[in-house]
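What TrEMBL lists as domain 'Guanylate kinase-like' is B:6-185. Annotation comment: TrEMBL describes B:G13, B:P14, B:S15, B:G16, B:V17, B:G18, B:K19, B:G20 as ATP binding site.
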Number of protein chains: 2
Amino acid sequence: MASTRGLLIVLSGPSGVGKGTVRAAIFKKNIFNYVYSVSATTRESRPGEQDGVDYYFVSRDEFEKLIEQDALLEYAEYVGNYYGTPIQKIEENLAAGNDVFLEIEVQGALKVRQKMPEGIFIFLAPPNLQELESRITGRGTDGEAIIYERMQKAREEIELMQHYDYVVVNDEVEFAVEKINSIIQSEHLKVERVVDKIKADIHKYFQKGDESR
Amino acid sequence: MASTRGLLIVLSGPSGVGKGTVRAAIFKKNIFNYVYSVSATTRESRPGEQDGVDYYFVSRDEFEKLIEQDALLEYAEYVGNYYGTPIQKIEENLAAGNDVFLEIEVQGALKVRQKMPEGIFIFLAPPNLQELESRITGRGTDGEAIIYERMQKAREEIELMQHYDYVVVNDEVEFAVEKINSIIQSEHLKVERVVDKIKADIHKYFQKGDESR
């Protein structure tokens, strides 16, 4: 029997909620050996960033070729740069039985949902909007109008939560990590994912029994 | 807003798989404060068993009255004695937001599924049928024919697995406990269970914002 296909795990949530921090904490220990899906981008690499680890750094031409070839699960343009999710590595890893972990913006996650509805979509939510405002405000020196605009955007994104499977509130990074790991491990225990394996065992047992009779 | 309703958790599996041991291990620590659903029975109490803790010990007349009143989620008769699951305590606890834990035979679990399809149904499976045979054989001095019959029954019960939500293989009690806790905790994180709470927070935040404008 072929090995069981891995799970595609998509972690998303509004800007400022702490997706990157939670993802980094998960991969610091990575006790369940998730494979991180590295994005492709046309932006310049920053000091310390490694090609193929933090991002695949590609030229604009190369990126547009990926778009033409339908080789991206989703992509978007921010501030003049492309960002996208290459499909091939994900497919290879899932086929090999590895769980693939994707950390992505809300709009991107919804595009992934359309292409791979069988993924596990986890929405990282702030403890409450007041707290999110504090986090956004704490980041810099944005004026009141800009903060209001960002909060409106957060509201819109939170309302897209219903297209996800699970919601994890990011109150403490450590708890959020634990919850995300719980979700993924329990998804592996769903009946439809193990039923074939167990039926094969029954078949084997009774076949052997009949032969020895 | 009313507190969130608790979850009904149903742990089941073939005879000999170790349901009782796993349940006892969960309740030894009971870190998530599950409420154990105590069954009613007409059999005599054994030394050390406490009424209302291990079972509700009732007379045959009292039990038949519960049946008539439709006060049991399910019931069955084994070797001349009734066993059943009183519905009222379960309802009270779920309404109060407590998770209620039920450990029950496969046939009983399927009856519960019909009445409370929203429950979380966990099937405890043996590592393999050879192992289950060893466990059953190890229990006593049953002849080969009886063991074969019991294994056929186990096969039938395992084939009913598809009516459950999750399968936990009981390889090590400690791991099984961990997996069951993971399942229950991740079920609490499903979008449909938290969406109302988060929408209420959004409403509160923007209402306050509008008032201060």
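All positions are counted from 1 along the displayed chain.
Each Cβ is built from the backbone N, Cα and C atoms, and glycine gets one as well.
Bear in mind that the values here come from a model prediction, so they are computed numbers and not experimental data.
Looking at the domain 'Guanylate kinase-like' (B:6-185) alone, the prediction's average pLDDT is 93. One way to see the shell of the ATP site is to take the Cβ centroid of B:G13, B:P14, B:S15, B:G16, B:V17, B:G18, B:K19, B:G20; the remaining same-chain residues with a Cβ within 8 Å of it are B:L124, B:P126, B:N170. The binding-site residues in question are B:G13, B:P14, B:G16, B:G18, B:G20, and the one with the fewest Cβ neighbours inside 10 Å is B:G20. Secondary structure at B:V17 (ATP binding site), taken from DSSP and collapsed to helix, strand or coil, is coil. When Cβ neighbours within 10 Å are tallied across all protein chains shown, the highest count among the binding-site residues B:S15, B:V17, B:K19 belongs to B:V17.
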